[in-house]
Each structure stands twice: as structure tokens, then as C-alpha cells.
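Peer 1: What follows is a structure written as C-alpha cells; I'll ask about it next.
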Amino acid sequence: MQHQIRALLLFLLSGSACAMFYPRPKDYPRLGKRSFFTTVNGNHYPRIGRRDATGSSLVLPEADYTDLGDLTKRGVFTQGAHGSYPRVGRGGAVLSRDYLNERSKNLEKMSGDKDDDLEVDNGDGSRRLQAGHSGIPLEILFIAYDSDNDGKLSKEEFVTGLAQYQMQCPLY
């Protein structure tokens, strides 16, 4: 009797695995139906919750008729040209003045000219960085580390830039 129960359980388990991973061709996509996740629409893969290269309008369900203008929202990922994969933090928009001021201030700091307002006197003549001002945004670090200005960050540029940053801003 034990062998018959084990054979029945094995048959049920293998049957459910086959039903899950080998569905009918025109069945609704479920787990294991690879073509649903890898089919291409035009020249890019389907993305959930991201805008396409042409831009789309965002309609809020609680919005009134007069509020249905085109709402643009820039997310973490900025869309590349012609529907390509998004690149992190490299949008083609014009940089604002605040961003340029912050960038130039941090570039001066990394080149050796430290700002005194970011440092605090310990009382014994030594100085330390304020805890809230120890981070620099990644876009500014990318521009600062890219020494040959080709728009690509090589391993050597990253290592030398990181060494310069650690000398200017110790982590303790």
C-alpha cells in the first residue's frame, strides 16, 4: 500500500510540474511561459511602469476633467534615445544652475580646496567633516572621475577618483 501511495504522489507531482512548465501554445501566459517575458514589441522589451521614448500622459483616477493635462514625471531611470534601455542618471535634459553650482563646489572640494562650512573644529586644532555633508551624488562623482571626458568611466578612472575622494573625505 505504501508503494502505491508513493507512486500516486510522484505521478501527481510530476503531472503538476508538466502542467506548469509546458502549457498549451495559446494558453494565457503563466510561470514558465518564456515567450511572454522575452517577446519584443518594436525595438524594446515590454516594461511595466516605465514610459516609452515618445512619452505618454499620466492620468490620475481622482483627477477632475480640468486636471487632465499632460503630466510628466522623471523617474530614477531616464529614457535613452529611440526606445533603448534606460541609463541611470544620464538624462539629456539641460542641467540647472543649482546642479551646476553644487557640481562645481564638489569638484573644487575634490581637487583639494575644502570648504570650511563642511568641516567642524574638534577643539584640539583638528577638523572633521559634518556627518550630514559627507555624501556626494553619483552624477557629480561620475563627472569628477571621468578624467578624459569621453562619457565612459573606466576601471582606472574609477580607482584613481575613489582614491582622491577618500583622501579628501575620510570615512571616519
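Yeah, the Cβs are placed from backbone N, Cα and C, and that goes for glycine too.
From Swiss-Prot, for reference:
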SIGNAL    1-19  signal peptide
MOD_RES   L31  leucine amide
MOD_RES   I48  isoleucine amide
MOD_RES   V88  valine amide
DOMAIN    133-168  domain 'EF-hand'
BINDING   D146, D148, D150, K152, E157  Ca(2+) binding site
Peer 1: Which number gives the other C-beta atoms within 10 angstroms of the C-beta of K152 (Ca(2+) binding site), all protein chains shown included?
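Peer 2: If we count other Cβ atoms within 10 Å of K152 (Ca(2+) binding site), we arrive at 9.
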Peer 1: Could you tell me how many residues in the domain 'EF-hand' (133-168) are helical, how many are strand and how many are coil under DSSP?
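Peer 2: Taking each residue of the domain 'EF-hand' (133-168) in turn, the totals are 23 helix, 0 strand, 13 coil.
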Peer 1: Could you tell me which of these binding-site residues, D146, D148, D150, has the greatest number of Cβ atoms within 10 Å of its own Cβ?
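Peer 2: When each Cβ's neighbours within 10 Å are tallied, D146 tops the list.
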Peer 1: Around E157 (Ca(2+) binding site), how many other C-beta atoms are within 10 angstroms of its C-beta?
Peer 2: 17
Peer 1: Cβ within 8 Å of the Ca(2+) site centroid (D146, D148, D150, K152, E157 excluded): which residues?
Peer 2: Y145, S147, N149, G151, L153, S154
